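Encoded as structure tokens, the structure appears first; notes follow it.
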Amino acid sequence: AALPRMPVPPLRRTLDQLIDSLTPLYGQDSGQVREFKRQAAEFEKSIGYKLQRVLQLKSWWAPNYVTDWWEKYVYLMSRSPLPINSNYYILDHSYFKPTSNPAARAGYIVHHLLRVKRMLDREQIEPLLIRSTIPVCMSQYERAFSTTRVPGEDIDELVHYPSSKSKHIIVLSSGHYYKVDVYDSDGAVLSTRVLEDLFQWIVDDSKQHDSLLNSQSEPASPTTPPKSRPIMEKSTEQPIRTSSPAPSSKTRPLMERFAEQPIRTPSPTLPLKSRPLWSVSQSESRLAALTALERTKWAKIRRQHFLESEASANKDFLATLESAINVVSFCSDPVSDDFSERGKMGLHGNGRNIWFDKNANLIFHPSGRFAVHCEHSWADAPVFAHLIEFVYTAEAANPDKIYDSCGRCLPDPAAQKPIRQPERLVWRCSESLANEIDDAYQFSLKNNADLDLVVRDFNEYGKGVIKCFKVSPDAYVQMVLHLAYYRMHGKFALTYESSMTRLFLCGRTETVRSLTQSACDFVLAMCAKECDSGLRIRLLRRAADEHQTSYRNAMAGLGCDRHLFALYVIGRGLGYESEFLKSTLTLPWILSTSQQPQQQLADTPSCDLPEFRDCVSPGGGFGPVADQGYGVSYMLAGDFRIFFHVSSKRSAADTDSTRFMDHIYQALRDVKALFDGHSTAA
């Protein structure tokens, strides 16, 4: 609450800024620009002034004049399916893999995320500071765990459960859903080894039931009890341990944060209770596909088959799932270590292994790889990236203190306390619901197949070289993207770059319109046959300086897009129709881009250190905003590499993510070549 409220920009400034951003797209003397100018002048003289006054009144009493409307109307009122269109993913270490045992990896990741959650609950996470001085708003962190997006027929609802009512996770394996209480009888977080054993038991149990179903001509009797099995049964597999970096003294402060409270383990011979043997049909195993549907359709199915169903188990099942801290999903399909394949499994999964409504799905591959799938409405990507950075850093710094030589989590010698056994969740699937699930699964597969996602590691140079050119690294990459797009498509594209407004109370994001006239001049100079390197460098620096000014203005609350959006909401609420606002706000973002923060923790070791270069996460990505466009996220990972995530739709006539990535690589090489042999001080 000590942070300032975000100011409402002057109306004339916003309108001028909008027109300036459209001029390079259409041309200074084009009919489109003249029409936009006419509509802007008419809007300002008519209802613009009235709407501006109302918005100023709201800014005086509301925590933020636009954030609540942004969440409601852009996210929760959207009827589009969540995967690819809204949600995003985060990958784990780029090349370093601490264990090939997925249950062990899950035991560690879940355990330490729960410790991060405890730090959040106790308000022990230090606020982020820009340049170690300027604080940013941390309000989005409140819903990082135990949150679900509930579908509605007209608008969704974001529901957050307090820690007192959310003490479990949901584990999804082979179409079976399990409830796992993650605290012992004293309220302590279960140790990594105990969680590993619980997860391994669940994976084996789900596979056992499926194999029994396949070996029988008739479904098993619901009264037939399975054999009891010990939680701590040893795995028959011996995972191959990959090379790991040596522990670093730079990470000791971070590790000390995770050593506040002893972790208690149960008896290694504690058996699980006998339970009825049952199996799920093919339709039932695809239940999660319902959350990939268009939101209104999923809301109707949810109401009919779960909330109003005669089977009370369905309502209880949904309540248990939606109140979970998060979802842990064990993927049975082999996934290669290729970045693009890992990204696809993180963004949309296999059509049945992600519950897209949950705040976070932790997805574990058979190889031991890991990805996070996040619902977007509760917070923006840097928030969960910050939380997962705690986990990644500790894992990379001290793998030998986490996993043994076989890749299993090291046992904890602390005192033993009772724990609850995993509970397999039961629900009833009628014939009509099975048909809905099958249709949803086919719909999901079709959407997934339409995604063209390419993720690559550009390791020829990074921000260390770019800084020597006296150019902002982010602005440099933006100019490269404009150059690559123009070379491939022969035209410029309306470009969105996400900037944060968290310098203000409850701030989220603002748009940086990075296609400027200066950017166009640089691109055209690069494509001109007769143009010397000196001129191109000067045009690049001018365009980069203008971009940096726009970025800083956006962070300071002086962007134009959130302001125009808020004016549009007020106009609709007061019964005004503005063709100007409607037309400008619906222009498609052909290039939707975002730079990902590479390091948000002060004590994270530099990824430029040789022992940590393979440990840096490639970051994550998202789907294209426009059907005929691209979604591009990038991470300047230290001084030596840049990770790119490029997405588009295969059904689009002119897009091709692989070709666009190739053009990005060539543009990076060509722009660097300008400075080779040329004085960077020039």
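Heads up, the Cβ atoms here are built off N, Cα and C, so glycines get one too.
Annotation note: H376 (active site, proton acceptor) sits in a coil segment as assigned by DSSP. Using a 10 Å radius centred on the Cβ of H376 (active site, proton acceptor) and all shown protein chains, the other Cβ atoms total 19. According to TrEMBL, the feature active site, proton acceptor maps to H376.
Here TrEMBL flags 211-221 (among others) as compositional bias 'Polar residues'.
The annotation compositional bias 'Polar residues' is assigned in TrEMBL to 237-251 (among others).
The feature domain 'Choline/carnitine acyltransferase' is assigned by TrEMBL to 6-212 (among others).
The domain 'Choline/carnitine acyltransferase' annotation in TrEMBL covers 282-664 (among others). For the domain 'Choline/carnitine acyltransferase' (282-664), the model gives a mean pLDDT of 95.
According to TrEMBL, the region 'Disordered' annotation covers 211-253.
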